[in-house]
Amino acid sequence: MDALQVITYTGVFVFAVTGVLKARTKRFDIFGAAVLAFVTAYGGGTIRDLLIGIRPVNWVNDNLAIFIVLASTIVTFFFKMNTNIIKKVIFLIDAFGIGLFTIVGIQVALRSGISSGYALVMGIITATFGGLLADVLCNKVPSILKPGELYATACLIGGSLYLLFLNYDFQSDVSMLIGILVIASIRIFAIRKKLQLPRI
Amino acid sequence: MDALQVITYTGVFVFAVTGVLKARTKRFDIFGAAVLAFVTAYGGGTIRDLLIGIRPVNWVNDNLAIFIVLASTIVTFFFKMNTNIIKKVIFLIDAFGIGLFTIVGIQVALRSGISSGYALVMGIITATFGGLLADVLCNKVPSILKPGELYATACLIGGSLYLLFLNYDFQSDVSMLIGILVIASIRIFAIRKKLQLPRI
Amino acid sequence: MDALQVITYTGVFVFAVTGVLKARTKRFDIFGAAVLAFVTAYGGGTIRDLLIGIRPVNWVNDNLAIFIVLASTIVTFFFKMNTNIIKKVIFLIDAFGIGLFTIVGIQVALRSGISSGYALVMGIITATFGGLLADVLCNKVPSILKPGELYATACLIGGSLYLLFLNYDFQSDVSMLIGILVIASIRIFAIRKKLQLPRI
């Protein structure tokens, strides 16, 4: 397993934990929590794969995926995960996770012959639609659609930058790193400054 | 771009506008409005393509689709779209759009080797499931499932008529036109007369 | 049509009836009831097929599927289906239906080259995600995610047993029968004893 995979699975784990925390506020049972963990962590990539036509979808037959989702459920079940310090750590890893998921989503789409514009759409879907699906399962309006945090906007800007760099034959790893950093920075900065998109 | 494409994109634009108007009632931000516009305009065709197995789904790599969805969001953001005259125009184009989407959905299904009965199902899904998905994202019971308007019934009757004409080797363009007119007429007539299906 | 098909369609019919009964509590119209019947009966298998990449999804071109869904809608519309005796019959057939759907889902996944672990996931999805989708369309938190009944757990245990038997070259039909019986028994026993999973 190389460094990128370790980082990716760390991101998946944190996404899954946020799913379990959401399940807890709705008083789901353990099965419901595992479903919400899975949907939050893998829902965005699943929708991307379905739309592009990649089959089976990416997590099928990846035993580590089940393991990580179950681990996140058990850890969150037994440990108090809402102390201030853990909340901050989760938020930070989550911000970088969103960046990583966006760029990886764009890469998967480009490899499947999708145009740049739609690769960007697929990147945003990869990073944000897991949470959207989880919110639907919790029977609430997806928070990503409402003013509050610059979430999709961060993915849009960082993803565009990444595509721009790729276009000018910038080195792929460096472009990826910059894209992720920009997305995470915008997200963190927006939360601090309480920036949000205008209402429709 | 031929006449049919111009008409189709006009229908897509109006579907997208109705999505943005729905987003406005829920006080979404601009990103949320664009998502709702996209889902309303392309959600039905997307579900049809996924069920049949057409990949990637129809709108991927169609740059005009993104453009039209963004345009509908911006136009609805800057202009007051709920004056009586505009509401009427939207309703009328929407009625014909539903007709068009039904017939096009049937054609796509038939070309993929789907039987007549299920092509009709796919036509109804194409015309109605975008709005259904948008309602789910707004966290409300999809209005298409409740008594109120003859929406799916109009698609069912007009689509059946279209398939019947095709079966008797009627000219394809004329059959299509009749199908669309029947669907739009039933829809408009039902609204005027407040017709609705019985409750279960 | 062999015995297994007769049993399967009986299960589908009962699943569809539970969908229509759900639609009734939400005061849907007849079209909405038919949609809910279809989603409840075929939603789980549809999601399984989409995730694996089987296309078109299983019910497309199966005319009996439409017929059974419509029949369940009409029967439930005209007859009082909530007398105590009918409720009990529906519950019992439903319990065996869940067992059957789980095992059939596992078989479909294995035939598509999915690993045992994920075949089990696909079996659980086949049996439970139709009801989950129907609940989403009714704008409520899916009951499968909340404490209440041992539903997914029954599928998990019975499905694992089935896979274990298969692994030891046990006769396929007998393994299937045992799997189904175990799932139905756990479900019935859990309802009687009011067993449920712990909250997260």
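Any Cβ shown, glycine's included, is placed from N, Cα and C.
Keep in mind that what you see is a predicted model, and the values were worked out from it rather than measured.
Taken from TrEMBL, the feature domain 'Glycine transporter' covers C:6-80, C:92-165. As annotated by TrEMBL, transmembrane segment applies to C:6-23, C:30-47, C:59-79, C:91-110, C:116-138, C:150-168, C:174-191.
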Closest-packing stretch to the transmembrane segment (C:150-168), where packing means Cβ pairs under 8 Å, from C:30-47, C:59-79, C:91-110, C:116-138, C:174-191
C:174-191
Outside the transmembrane segment (C:174-191), at least 6 residues beyond either end, the same-chain residues with a Cβ under 8 Å of its Cβ set are 91-92, 95-96, 98-100, 102-103, 107, 149-151, 153-155, 157-159, 161-162, 165-166
Going by DSSP assignments with H, G and I as helix and E and B as strand, what are the residue counts for the domain 'Glycine transporter' (C:6-80)?
59 helix, 1 strand, 15 coil
Counts by DSSP class (helix H/G/I, strand E/B, coil) across the domain 'Glycine transporter' (C:92-165)
59 helix, 0 strand, 15 coil
Model confidence over the domain 'Glycine transporter' (C:6-80) (mean pLDDT, whole number):
94
